[in-house]
């Protein structure tokens with residue numbers, strides 16, 4: 001590759017960085033998903049993506065696995081740099097890590113380059129594992145596989161002085177699903193991830209303390225690992241510079257960051273769709289997504305978030321119903337929704353921009369050459385620099401973690417509104433669906449748990465990179481803490497998965513409650529109408545009675561009153577329905593004037609008959625419709641099936657087999673949430689999520 005020609009028009013790489021952000025975030029996520037699912041990752045040194053790294057990391061979750069192929073065209077460049085090191089040493093050239101010692105002790109000199117590499121690996125094997133091959137002190141095997149991939153990609157570029165055969169051996173380990181055991185802790189990601197990477201080198205050189213895990217989870221020593229992987233020729237005797245090439249890089253931190261960012265991008269889209277579903281079940285006003293509002297703010301993340309929500313809500317059956325509700329008694333209702341709904345695009349937009357920028361930063365890092373010294377064969381020199389400094393990892397992971405915490409905070413705020421009957425526009429308190437609210441507390445426990453999750457997530461949002469300690473005799477006096485930050489971000493992702501699972505189950509509960517509400521309100525309205533006709537239309541002598549004019553107002557009461565405010569005992573005098581129905585008749589009687597003095601035309605005289613018949617009929621009708629609803633054959637179809645958000649509901653209810661939770665059943669909220677959590681961890685959420693947006697054209701609705 002001719003670096004001079006490549007950079008002549010963009011020497012500072014700003015144009016390349018800007019070009020990488022062209023197009024929508026959603027299109028980028030779709031591309032990431034496609035790359036994640038490809039069966040082969042082809043490495044050439046410059047085109048590795050975050051999704052491909054995540055794919056290799058998650059190979060255990062795939063039946064056939066993903067294979068790695070090395071570009072044969074890279075062989076010559078790799079060999080040239082390796083040959084240069086050997087030639088340089090034979091000429092007596094003094095080079096760091098080849099003839100000179102390491103770090104603060106680089107003033108030491110040796111002519112035994114191979115022994116120096118061997119000692120490098122030995123003294124860096126300073127990690128602690130505890131007991132077992134997958135203990136709390138062992139790096140997750142997924143991250144180790146990803147790190148191996150990233151390190152190969154770096155070394156393929158031919159600036160590191162290592163033999164191609166070593167890269168082929170690491171590739172065989174990956175393709176055979178053999179994973180070296182690396183310590184979880186012990187790196188400051190400058191000079192690279194020295195300690196964990198030394199254990200990969202230890203396996204390649206056959207160190208007796210090396211351990212690996214085989215395809216079926218079995219524990220392997222170095223010899224067994226080579227045998228299973230089909231690596232012939234015995235362990236590697238490292239040549240000068242090769243040990244340094246293996247350990248002096250940012251592969252572990254950037255690999256973990258890649259895994260984290262693949263999932264973070266999915267969660268960014270999910271948060272947009274869940275906010276739209278929240279709007280649907282809350283009977284929210286969709287005007288908060290109007291393009292002009294967001295165009296005037298200029299931020300692309302916000303504009304896209306609003307456009308995605310607008311797309312979900314456009315034509316939504318819930319929005320049409322909500323519009324009618326808002327037109328009823330408009331002066332008695334809030335003019336606008338609360339912030340968790342109304343400002344969700346403004347809240348999520350910056351988080352999406354942060355996650356997207358972090359993704360690009362890490363993609364540049366995993367395609368970078370980040371060891372020291374760098375071998376420039378074309379100019380016949382070794383360059384001593386600091387590309388091993390993993391600051392892009394530490395900074396991008398701190399930023400990503402803060403973005404994830406903000407997404408979680410919004411979810412918690414929306415969840416809190418959803419379960420609160422003061423705010424949720426007629427849904428029952430705690431989203432209880434049972435007949436007796438005194439014995440059904442719905443999602444109360446889940447809300448407490450959500451507060452716990454959110455608190456932990458907010459704590460994790462604190463930065464790691466401001467806790468740098470001077471290391472290695474003050475040679476590494478500033479260091480990135482990249483892997484530490486990536487590990488904390490991985491924890492944040494896990495918590496956000498739990499929060500998303502809990503929230504999605506609650507949203508599906510709310511969807512079903514709206515469905516139940518519609519079925520029950522229909523029968524209440526019909527029953528009130530029928531009872532009114534039977535008891536209020538005719539007088540004692542068959543004449544038309546003035547009370548008949550009350551029916552319209554009685555039905556308006558049914559429309560206005562929240563169904564779940566009286567559903568458990570619809571004819572209770574303590575509940576608003578009966579009180580307000582009576583008030584309608586009293587008001588009509590007061591207007592009846594002198595006619596009230598005549599027993600045959602008195603509306604007051606009709607109140608008792610109306611109430612008695614309603615008490616005799618309405619509870620039975622409500623219970624009958626509820627029983628039909630619970631049997632799975634409701635009279636009115638669920639509106640969600642007509643909405644673009646339906647694929648997520650279908651996943652939770654039909655594919656995962658969750659159900660409407662009530663205090664009358666044994667099943668707990670946690671059991672249902674666990675099903676969704678497992679599905680999210682397995683990636684089952686991705687296709688339904690993208691299906692919700694399959695018809696979006698990538699632009700907001702035009703301003704008309």
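Including glycine, each Cβ sits where the backbone N, Cα and C put it.
Swiss-Prot lists 96 with the feature active site, proton donor/acceptor. Annotation note: residue 96 (active site, proton donor/acceptor) sits in a strand segment as assigned by DSSP. Other C-beta atoms found within 10 angstroms of the C-beta of residue 96 (active site, proton donor/acceptor) number 17, with every protein chain shown included.
Residue 444 ((E)-cinnamate binding site) counts 15 other C-beta atoms within 10 Å of its own C-beta, drawing on all protein chains shown. Here Swiss-Prot flags 248, 336, 342, 372, 444, 472, 475 as (E)-cinnamate binding site.
Sequence annotations record features per position, and here Swiss-Prot assigns 2,3-didehydroalanine (Ser) to 191 based on sequence analysis. Long-range Cβ proximity for residue 191 (2,3-didehydroalanine (Ser)), meaning a same-chain Cβ under 8 A and a gap of 6 or more residues, is found for 103, 248, 372, 386, 388, 389, 476.
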Using CB atoms and a 10 A radius, I'd like the single residue among the binding-site residues 248, 342, 472 with the highest neighbour count. 248
Whole-Å Cα distance, residue 472 ((E)-cinnamate binding site) to residue 96 (active site, proton donor/acceptor), is 16
Highest CB neighbour count within 10 A among the binding-site residues 336, 372? 372
